[in-house]
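Single-structure report; data block below.
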Amino acid sequence: MNTPKVNILYSPGQAAQLSRTLISTCHTRPFLLGGLRVATSLHPTQTNLSSSPPRGFTTTSVVRLKDFFPAKETAYIRQTPPAWPHHGWTEEEMISVVPEHRKPETVGDWLAWKLVRICRWGTDIATGIRPEQQVDKNHPTTATSADKPLTEAQWLVRFIFLESIAGVPGMVAGMLRHLHSLRRLKRDNGWIETLLEESYNERMHLLTFMKMCEPGLLMKTLILGAQGVFFNAMFLSYLVSPKITHRFVGYLEEEAVHTYTRCIREIEEGHLPKWSDERFEIPEMAVRYWRMPEGKRTMKDLIYYIRADEAVHRGVNHTLSNLDQKEDPNPFVNDYKEGEGGRRPVNPALKPTGFERAEVIR
């Protein structure tokens with residue numbers, strides 16, 4: 001008796017990929033804005049939804065929806081822990097973060113501040129923010145509200161673009177200080193680790209938002225161009241004046257705190273209903289990285305965590321700009337002397353304008 005011939009239509013790997021795609025189509029449905037594919041997961045908690053599969057919103061056809069960077073399965077490795085584990089935040093610390101501005105005192109400060117304002121203007125254009133959605137230009141240092149709120153998709157466009165660039169300064173500064181330490185045959189006194197950790201933290205912000213959406217060709221092109229220009233500009237500026245560069249980054253992080261504060265306000269005011277929904281699920285990688293407790297895993301909670309991180313970068317860079325760039329140790333990684341005359345700086349997130357040199361070095 002002849003055995004019928006069986007045609008293999010796909011490999012085991014393709015079958016696994018197909019199954020993941022089918023699962024994702026059962027949990028999400030799409031929507032599209034400016035080349036950005038958004039996939040926000042909701043889970044049923046209400047009685048009338050308990051029999052239905054989780055729904056969500058994206059911007060492309062369902063069959064194309066997939067994890068933008070799925071974890072690669074290996075025979076032995078279960079997961080890769082973060083190189084710099086997050087120390088975590090208390091609710092009190094996160095709530096106490098406020099938008100603040102350090103007034104320029106020198107020509108270098110003024111130059112750094114004006115460059116940040118130009119970058120803010122360019123970012124508004126690149127991310128499609130309309131005039132009525134921009135904050136009060138008469139109070140650019142503290143304004144966190146606008147005539148018209150952004151949508152969830154617009155916020156994700158802005159977050160992706162900003163965080164793709166925000167991870168550049170720390171890496172550039174850390175790299176140059178590493179090379180400087182090798183050339184001088186001297187220790188760096190703790191600056192390199194803090195700068196690289198800052199860059200890593202910004203990248204984790206980006207990867208978290210990337211779990212919610214996938215950039216299109218236009219966004220990828222904008223990111224490529226912006227990163228190329230920004231990296232080289234930071235490289236040259238840090239060679240010329242590290243002090244002004246750190247001040248620039250401090251002002252840049254001020255803008256980040258303003259941005260996330262505005263997002264929190266719009267969530268609280270009900271302008272972002274998808275993110276206010278109790279069924280909304282933030283990415284699991286965010287829960288693990290920030291060690292977010294049960295009951296504190298909403299989108300607003302996630303933004304609180306990220307804003308606190310940005311507040312740290314704000315305080316750290318303003319402080320580093322106040323120090324002797326070649327000789328002073330990094331005050332945020334050193335143990336301080338106890339007793340009379342000894343000082344221990346408070347959390348940099350709570351020092352918006354940074355510490356003066358006399359407060360941490362003497």
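Each residue, glycine too, has its Cβ placed from N, Cα and C.
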Listed by Swiss-Prot with E253, E310, H313 as binding Fe cation 2, from among E152, E193, E202, is E202
Say Swiss-Prot lists E202, H205, E310 as binding Fe cation 1: which of E163, E266, E268, E269 is in the same site, per that record? E163
By a simple count, how many Cβ atoms lie within 10 Å of the Cβ of H313 (Fe cation 2 binding site), its own Cβ left out? 27
Same chain only, sequence gap of 6 or more: which residues have a CB within under 8 Å of the CB of E202 (Fe cation 1 binding site)? E163, A166, G167, G170, H313
Name, in the order they occur in the sequence, the residues of the same chain whose CB lies under 8 A from the CB of E310 (Fe cation 1 binding site) and which sit 6 or more residues away. E253, A256, V257, Y260
Among the binding-site residues E163, E253, which residue has the largest number of other Cβ atoms within 10 Å of its own Cβ? E253
List the residues in the vicinity of the Fe cation 2 site, defined as same-chain residues other than E202, E253, E310, H313 with C-beta within 8 angstroms of the site's C-beta centre. A166, E198, N201, V249, L252, A256, D309, A311, V312, R314
Excluding E163, E202, H205, E310, which residues of the same chain place their Cβ within 8 Å of the centroid of the Cβ atoms of the recorded Fe cation 1 site? L162, A166, G167, N201, R203, M204, L206, A256, I306, D309
CB within-chain contacts under 8 A for H205 (Fe cation 1 binding site), separation at least 6: F159, E163, A166, I306, D309
